[in-house]
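Here Swiss-Prot flags 410-432 as repeat 'LRR 1'. The topological domain 'Cytoplasmic' feature in Swiss-Prot is assigned to 532-852. Look at Swiss-Prot and you will find Thr561, Thr728, Thr733 tagged as phosphothreonine, backed by similarity to another entry. Residues or ranges marked as phosphotyrosine by Swiss-Prot: Tyr642. Per Swiss-Prot, the feature active site, proton acceptor maps to Asp693. Positions annotated as phosphoserine by Swiss-Prot: Ser697, Ser727.
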Amino acid sequence: MEEFRFLYLIYSAAFALCLVVSVLAQDQSGFISIDCGIPSGSSYKDDTTGINYVSDSSFVETGVSKSIPFTAQRQLQNLRSFPEGSRNCYTLIPIQGKGKKYLIRASFMYGNYDGENGSPEFDLFLGGNIWDTVLLSNGSSIVSKEVVYLSQSENIFVCLGNKGKGTPFISTLELRFLGNDNTTYDSPNGALFFSRRWDLRSLMGSPVRYDDDVYDRIWIPRNFGYCREINTSLPVTSDNNSYSLSSLVMSTAMTPINTTRPITMTLENSDPNVRYFVYMHFAEVEDLSLKPNQTREFDISINGVTVAAGFSPKYLQTNTFFLNPESQSKIAFSLVRTPKSTLPPIVNALEIYVANSFSQSLTNQEDGDAVTSLKTSYKVKKNWHGDPCLPNDYIWEGLNCSYDSLTPPRITSLNLSSSGLTGHISSSFSNLTMIQELDLSNNGLTGDIPEFLSKLKFLRVLNLENNTLTGSVPSELLERSNTGSFSLRLGENPGLCTEISCRKSNSKKLVIPLVASFAALFILLLLSGVFWRIRNRRNKSVNSAPQTSPMAKSENKLLFTFADVIKMTNNFGQVLGKGGFGTVYHGFYDNLQVAVKLLSETSAQGFKEFRSEVEVLVRVHHVNLTALIGYFHEGDQMGLIYEFMANGNMADHLAGKYQHTLSWRQRLQIALDAAQGLEYLHCGCKPPIVHRDVKTSNILLNEKNRAKLADFGLSRSFHTESRSHVSTLVAGTPGYLDPLCFETNGLNEKSDIYSFGVVLLEMITGKTVIKESQTKRVHVSDWVISILRSTNDVNNVIDSKMAKDFDVNSVWKVVELALSSVSQNVSDRPNMPHIVRGLNECLQREESNKNY
């Protein structure tokens, strides 16, 4: 009876253990299993492994889904392709967090999904380090890359880099948590690249993986020709082994047929920097207690040097030997039977990894979290994927970072100019504690300038121009600015108080609104009286009542009389220029220099252009667009009064009508100013506006050679739901006019971009738009393309009058922007935000490069 009870307890314990193992085997809490390219939100359970796969839609922001018609394995039937961007990234956030070890596996099958019959080649990155290069030799080949990785942060970035040798893609991405024992698969650099993993037995049967292997390691059957398989039907335990080997793998072993022969294996190593990490797994599968006088004992050696002597595997228990040989051209492993052994050596399983340097730390965690938060809160539409600062060739657009081999990279500069930011200035900026330059200009930011910006002790440039910020500026920022050690740019924020004195004490807060109310009432009464006097005077100034434009009733702009215009221009004494609309005169209004555009009576299109320009200028306000001061319309006399630009227009400068030749830096700044004005028309106006007459003569310069886009006589609004054509009336200036508008009989924002591309080419070359000879007419774009094709040297197209104090790479960048803008394929033309970013980067390059 006692014997029966004992057996019952044994079987009960064994059954309970089996239940525990089964539950653990089914636990996928440490798994992230992604079938790339399947429909968003979808998932399924694999019939063979029982692994739950999900769509990649919540792990990646870019790419397009593609499918392969004929493939057996379900995880290879779909893929995600990345035709755009130099780097695209998946973000994995395992629940176990950072400082843990994970097995990460990426799989690829080309399957000629794109019909190109190509051999795509691209780079694979993990965090800020190169993982491997993926090369698909044909459509049916399957490539799998695997790494054991010690995570540095909560987020794990797996990225694909475009090498220009085919479109990157990925079929499957898998992550497996390897338990809490970080001594398992230990590596000095935090990463082990998979080389091979063998289940040493006969070649019959399939690879072993989950749920037989709790970590979903894939074990490939392998047998040496001089060996045979031995096995057991009993389970092999790994209770005291942190590698948690599969019982199915460990229940088979390989042993030499010739019992006196050793087991040998050789690794060829052509790279002296490569270090192999070898894991040999042993378990005795024969019950030697049933074989009297039989023993199994052997030595383990590397290149003839014994590293483990007299080793005897334990029956049905896993033992692992970790071997880390010195790097040599040939590494020979041997399992040699000892003299007292009666049985040959055995080995059950083998893993080989390569230890490579993952020496580059990720971007400082606080910095990375800050810009990631900004990306989310402002919905930043930039190619911001993966680690912000790494690898260096893939740094996030608009960022600069500092690099130190001993510490993680830090973000030192952030340019979010013209990025469509709205709302308040985010507190996340306060976490960029090493930031030196911050540009938030040309956005829609509102509210106060927060005090925390003054606490960023390394900040030396802060640009907040052209937003809608209100309130007073923190006194510390103003004080730092006054010392000259800090550049603070606050222009074009009408509601912003920039004087220290405007920060009043609390005792005055109740007085100010009361005084302001009385003052406002007084001003209102005064203006009413002035308005009545002006109206009576205007009614008497001409015999017939003036035809007041309907726009004057709806827009709060000053309507002048023709008599006022005669006075301010000194009876039209100084002509500034002439055009199809009429003549522009110089004048003064309240000691302010103005330009008066008088519409010609003979201009057939004049009144339409006049009305269009007034409609545009009374509703758009931007630092890079000419500002309307007023207008007049009496009888046949009509015109505009706008701010005077002292340095004329860009066309005259390029034509050599001024003594000073503009430098490349000045031209870049002018191009950027004009681009920002055009970007505002396209992206900042509701509804958007197409200019339709972008040219160098419509880019005006002030005394500091800062530019504003002018002449909106041909401008038209267009609606976002039907932007393909704005107007069926083709208008503009030959040479700048998009040739495709005659095919489509319409103009749109891409037509403006074509014109701006021509402007850029003029600025680069100093050439006229069209060069005419007796035999032909050559457009500047055709000339540039011809020269670059024949010489591939951008210096051959640069304006010879310009000083050679420039970075040739920035010129190349602008040439590329210009040529893409004038592309005959409209879809290849960039939009204005892209052009603005490109010009901004070029200007920053010029300003930071002091050693030409």
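Backbone N, Cα and C define each Cβ position, glycine as well.
What Swiss-Prot annotates, mapped onto the structure for a quick look.
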residue: Thr561; record: phosphothreonine; DSSP class: coil
residue: Tyr642; record: phosphotyrosine; DSSP class: strand
residue: Asp693; record: active site, proton acceptor; DSSP class: coil
residue: Thr733; record: phosphothreonine; DSSP class: coil
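Listed by sequence, the residues of this chain that lie at least six past the ends of the repeat 'LRR 1' (410-432) yet keep a Cβ under 8 A from its Cβ atoms are 363-364, 366-367, 369-371, 373-374, 377-382, 388-389, 398-402, 438-450, 452-453, 455-456, 458, 463, 469, 676, 679, 683, 833, 836-837, 840, 844. The modified residues recorded for this entry are Thr561, Tyr642, Thr733, and the Cα of Thr733 lies nearest to that of the residue listed as 'active site, proton acceptor'. Sequence-distant neighbours of Ser697 (phosphoserine): residues of the same chain at least 6 apart with a C-beta under 8 Å from its C-beta are Asn649, Met650, Ala651, Asp652.
The two recorded residues, Thr561 (phosphothreonine) and Thr733 (phosphothreonine), show a Cα separation of 32 Å. Using a 10 Å Cβ-Cβ cutoff, Thr733 (phosphothreonine) registers 18 neighbours. Taking only the Cα positions, the spacing between Thr733 (phosphothreonine) and the residue listed as 'phosphotyrosine' is 22 angstrom. A simple way to gauge crowding: the CB of Asp693 (active site, proton acceptor) has 23 other CB atoms within 10 angstroms, across all the protein chains here. When the modified residues Thr561, Tyr642 are compared by the number of other CB atoms within 10 angstroms of each CB, Thr561 has the fewest. Broken down by DSSP into helix, strand and coil, the repeat 'LRR 1' (410-432) contains 5 helix, 8 strand, 10 coil.
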